[in-house]
Amino acid sequence: MFRDPTAGWLTPPSPLSLLVMLLLLSRVGALRPDELFPYGESWGDQLLPEGDDESSAAVKLAIPLRFYDAQFSSLYVGTNGIISTQDFPRETQYVDDDFPTDFPAIAPFLADIDTSHSRGRILYREDTSGAVLSLAARYVRTGFPLSGSSFTPTHAFLATWEHVGAYEEVSRGAAPSGELNTFQAVLASDESDTYALFLYPANGLQFFGTRPKESYNVQLQLPARVGFCRGEADDLKREALYFSLTNTEQSVKNLYQLSNLGIPGVWAFHIGSRFALDNVRPATVGGDPSTARSSALEHPFSHAAALESYTEDSFHYYDENEEDVEYPPVEPGEAPEGHSRIDVSFNSKADPGLVDVGTSSPGSDRASPWPYPAPGNWPSYRETESASLDPQTKQGRPVGEGEVLDFRDPAELLDQMGTRAPAPPEADAALLTPVNEDLGGRNTQSYPEAGPVPSEPDVPVPPLEGEVLPHYPESGHVPPLRGGKYVIGLEDHVGSNDQVFTYNGANLETCEHSHGRCSQHAFCTDYTTGFCCHCQSRFYGNGKHCLPEGAPHRVNGKVSGRLRVGHIPVHFTDVDLHAYIVGNDGRAYTAISHVPQPAAQALLPVLPIGGLFGWLFALEKPGSENGFSLTGATFVHDVEVTFHPGEERVRITQTAEGLDPENYLSIKTNIEGQVPFIPANFTAHITPYKEFYHYRDSVVTSSSSRSFSLTSGSINQTWSYHIDQNITYQACRHAPRHLAIPATQQLTVDRAFALYSEDEGVLRFAVTNQIGPVEVDSAPVGVNPCYDGSHTCDTTARCHPGTGVDYTCECTPGFQGDGRSCVDVNECATGFHRCGPNSVCVNLVGSYRCECRSGYEFADDQHTCILIAPPPNPCLDGSHTCAPEGQARCIHHGGSSFSCACLPGFIGTGHQCSDVDECAENRCHEAAICYNTPGSFSCRCQPGYRGDGFHCTSDTVPEDSISGLKPCEYQQRYAQTQHAYPGSRIHIPQCDDQGNFVPLQCHGSTGFCWCVDRNGHEVPGTQTPPGSTPPHCGPPPEPTQRPRTVCERWRESLLEHYGGTPRDDQYVPQCDDLGHFIPLQCHGKSDFCWCVDKDGRELQGTRSQPGTRPACIPTVAPPVVRPTPRPDVTPPSVGTFLLYAQGQQIGHLPLNGSRLQKDAARTLLSLHGSIVVGIDYDCRERMVYWTDVAGRTISRASLEAGAEPETIITSGLISPEGLAIDHFRRTMYWTDSGLDKIERAELDGSERKVLFHTDLVNPRAITVDPIRGNLYWTDWNREAPKIETSSLDGENRRILINKDIGLPNGLTFDPFSKLLCWADAGTKKLECTLPDGTGRRVIQNHLNYPFSIVSYADHFYHTDWRRDGVISVNKDSGQFTDEFLPEQRSHLYGITAVYPYCPTGRK
């Protein structure tokens, strides 16, 4: 056995076990402990120190290792079953949390492991020995027969956890648990790719999860996490891409019982590549245990089986967990339905290195789906290398029976035995790997420190019937290399007798350049003549269009018709067609509205109109495929129906036009011809039937005849018709032929129904379908409910057949539940989506879509949003034809449209402007001199007068006494007589009662205002123009983030033109706080004013004389003022209860005192299609309010019986989450994590106002203290989480708490204790503080995953995502007192308390 002698296993390995491990022959028996990769200190392993949270020093790698799309030169090994490319944070930051982690992680068994007191050991090393690399290569090639067929690793990194135990808080006198785990991770890489192997030997896993330290005594055990995480991308600050294999205890147990490459306990994954790799891709070559030699295994060997028992806590949505389905080549003798067994046989008459792993014919003991060479084609290793197995066989002779081998050091022995497995040949020569080895020993490859390794021969594969052998290029003409493979373009030489292929690599479409043409749920595969798309596991379709398996689907379309019904012509155009398909039992319902009555009645028997959807989405029997798996969402369906005996003939053409933005199929139907007349009182009855569909290239045909009956009372007539169907589509011609479906399939229609409702004007069809092989009449046999649709799975769940009539149900991707009841998952609210920066996630039923924000559009990959290049603006790029900048301004109207307007002081068309001579208009004082300047003018008082030129006074000084006056009083008294510069303003200072300067000074005649210091000096930058809000004489306001307006840009342009400081006689536009033109504009600092419109144009006839202001009307309508509604008298409630949000419903949970009355809990309101997150209650009008992130709305409903919901806000929302009601002021407040805003509005949705839109990253919870007028909210920004506060009108914003918090999800204010309390999903604590942030204390520090919290009486109640319930916590003791788990197990969001009265509290 391959163990370090210190491991305690002293039995030497046998030659048989060595060869078995080297050659890796798949079999269904579980992995034995001695079949792990060799490890131990004698193999060069390093030991990790004992402890609970240890990590290795950086292990420098010889060559960089690729992980996802990056390269790393060092690795770290941690105690807790994890490997990373960077040093680990403290274990409390990741060991008890679900994926994804914040750092890169490779986790074969992430749990709280403790090796203290010699409880196991952890070993790791980098290895380049040929034996280890060869074994890793064989695993990879087995699991990835296409993409990994030429994988030749050059380095491997091994980490082994041997007999390690879980962390335990052992009580005094109790012995530690004897449950110990052994598992191994191997990372094999070459220059281009990295593959990971996880190995779990039989009985190697004895514990399957650990209990979190912070809540160790709560009896909560977290299953081990197995998978990979890329880590947070620093440049994008988005959550990490990840792949998870486990989520429940059963899925952890499956690790050693199942496999994704056919060997129980061995799992393989493609985790890094220098080519595009959207996510980790698991191997998909699992076998079937029904033929396995292990009676203990009861589940299929498949990745899907390993992921059974999903729960919402760790549901891994398909966009985050894209599986690359590999299609292994199938030989002509493939075992039925893929069930196979691979055995190992040793040829005692041949070289001991020769091993037979051939593929046998069906029915033999060695039937295998993997195309290994036949026994006669296996390579014979050279004698010099074979002889090294035993020093006694110096000539390399075979070891005879009864001879005993003398084993030396295992490393030396395995290095000399190193070999690589031959790559599986492709039947269609799809991939041609470079030939660099042969049996003669030429071009042998040497592994470092391992000596030469036997080369692989090219194994000839017998051609299939009708197949043409490829003509390989001669030496020196090597085909181009792409993606680590040689890809050859093939061209037929028609008419050539030798029928050879030649190679043409020009213009070949490849995945690298065309991957965007595949569905987002598909992977792309290069073939010799091009590429094809294939849907991932758990999806079906043609690769270009993929839908989730088992999920319901919808079809929308239009129907037009030109019919003759009997002898009556009937026409109709573009009437609506809608179809609903229950995917997991093959039911298809079709409804066509607004068809004229005679035509609708006559079309009742024409079932193929809706029967198409039955064939498209039929329930598939094993080995069969429905229509959508073949055609995808683009095809043409032609039907010709001939009625008998009248020979009426009608033709139906249905054209599928792809999937719409909601992922629904769009179809256009046209009906033309003649149909028999059917009276209005007759109904049509169609018995179950079978149809045969024939498949060839890109055409499907079907021809059948059947009868139907028309009944009315006692009348029963039987008619018949003949149906010819033809379905054409575009198949991918590049895929190998062995991927084709059977030539003929049978569609069985168990139930058929047709009905026309004249009252509704709707024609309906319903069919229940299953498709499978052609059946031969025989005695009836039991059918698994999954195949005939009789199962009890939810309509959004997949049915997994088991043995006999047993089956299991699993919710399809995008839904959650136990399979018998599934609800939609909001990927947008939970963060499980791939929408990138500058995009918005929109939740759909069973899925989601990404929309670019305003000003952005999708790039070619349809995921990334890029900035839309703005249209040219002639006003900015200088292409306008306006007069020069100092004379006119350009006004942009969108696109390339603009207009020109002369500036004040100029007159003209805007394209040509001339100066206005203001002096000719006598605008100055009679004792002043006027000076005209381009675009303006100035006035100066004549000698002997003082003033600003518009007002001049005689230059005389009063003789009043000035003794005893303070500076403000002095300046105030003698303002008119102080020295004034030409054009200066006369301002009379304002003083307070003590004679000091009032901080806010305003010019009495012009309305200019500014701030002054204690000496009366103006504070720079505080002056405001007339008509605007006076400045707050304190700290300057925060800079605005909005774009500059025309007024602001014009003002800045003139200020720059004036050199930064305009004279008092120069005009500067006056703008309000929002950048709009103030209706009243004045010249310089004078009171010579006029009115302007919203674009700043002067309104003719509004200029005034000095001292008189024109009455200017604002161009923006004032806000509507509505009266506050009078509070109605509400009868007292019978008690207090809790309301909680749970996706599509609002739940009601009564309280008896502070105890939960769980038996009286019920659903208060069902809201189909909604995702209710935030919830609060208006105690004055007994109304409940909630936010809906699916509908992007805020709604309310009365608690009176029979009340209907009312939507009050329907626009301007992206992801409304937190909600708070102020019952005093009749207002509501909410957070929007999509827009990063906090808004307020009246309770009817009016008077909306954005309070904050800056310095917010992930705002969530919000609460209000209406008595004291304070607002509080949380922001769970991972880099800087915080709790903030402000007044209710948005003033005095400040950070209240930003230390020692992680993910503050829930927030509540207790009006009785005046405490602000929050529940933190990061620190797992419930804490409280006084409103000013002081007196902070911890109530409970062992929460699981809280989302929302509310306070009532002596308890807190919070919703919990780990328990999916409501948890109650005593305020005084901090103890958990009770919990309520709703019958429908899904995440609970917001929670609020409904009092029988309005709480008043005390100031």
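Glycine is no exception: its Cβ is also placed from the backbone N, Cα and C atoms.
Checking Cys1033, Cys1047, Cys1091, Cys1112 against Swiss-Prot, the residue bonded to Cys1071 by a disulphide is Cys1047. Of the listed cysteines (Cys850, Cys852), only Cys852 is recorded by Swiss-Prot as the disulfide partner of Cys865.
For Cys822, the disulfide partner named by Swiss-Prot from the candidate list Cys811, Cys835 is Cys811. Between Arg366, Arg517, Arg1336, the residue that has omega-N-methylarginine written against it in Swiss-Prot is Arg1336. Checking the candidates Cys882, Cys913, Cys919 against Swiss-Prot, the cysteine paired with Cys900 through a disulfide bond is Cys882. Looking at Cys809, Cys882, Cys919, Cys1047, the disulfide-bonded residues in this record, the fewest other C-beta atoms within 10 angstroms of the C-beta turn up around Cys919. The recorded stretches the domain 'NIDO' (108-274) and the domain 'EGF-like 5' (915-953) do not share 3+ CB pairs below 8 A when only pairs 6 or more apart in sequence are counted, and are therefore not in contact.
Of all the disulfide-bonded residues given, namely Cys841, Cys865, Cys875, Cys882, Cys919, those whose Cα is no farther than the 10 Å limit from the Cα of Cys850 (disulfide bond) are Cys841, Cys865. Sorting the disulfide-bonded residues Cys841, Cys1033 by the number of other Cβ atoms within 10 Å puts Cys841 first. Counting other Cβ atoms within 10 Å of each Cβ, the disulfide-bonded residues Cys835, Cys865, Cys930, Cys1011 show the lowest value at Cys930. The secondary structure of Cys1011 (disulfide bond), as reduced to three states from DSSP, is extended strand. Inclusion criterion for the disulfide-bonded residues Cys524, Cys835, Cys882, Cys968, Cys1047: a C-alpha placed within 10 angstroms of the C-alpha of Cys875 (disulfide bond); this criterion is met by Cys882.
Here Cys924 (disulfide bond) is positioned 31 angstrom away from Cys882 (disulfide bond), judged by their C-alpha atoms. Using DSSP to sort the residues of the domain 'Thyroglobulin type-1 2' (1044-1112) gives these counts of helix, strand and coil: 12 helix, 10 strand, 47 coil. In the three-state DSSP scheme, Cys1033 (disulfide bond) falls into the coil class. Cα-Cα distance from Cys524 (disulfide bond) to Cys852 (disulfide bond): 26 Å (rounded to the nearest whole number).
Only Cys841, Cys865, of the disulfide-bonded residues Cys793, Cys841, Cys865, have a C-alpha within 10 angstroms of the C-alpha of Cys835 (disulfide bond).
The average pLDDT the prediction assigns to the domain 'EGF-like 1' (507-547) is 84. The most densely surrounded of the disulfide-bonded residues Cys793, Cys828, Cys852, Cys900, Cys1071, judged by C-beta neighbours within 10 angstroms, is Cys793.
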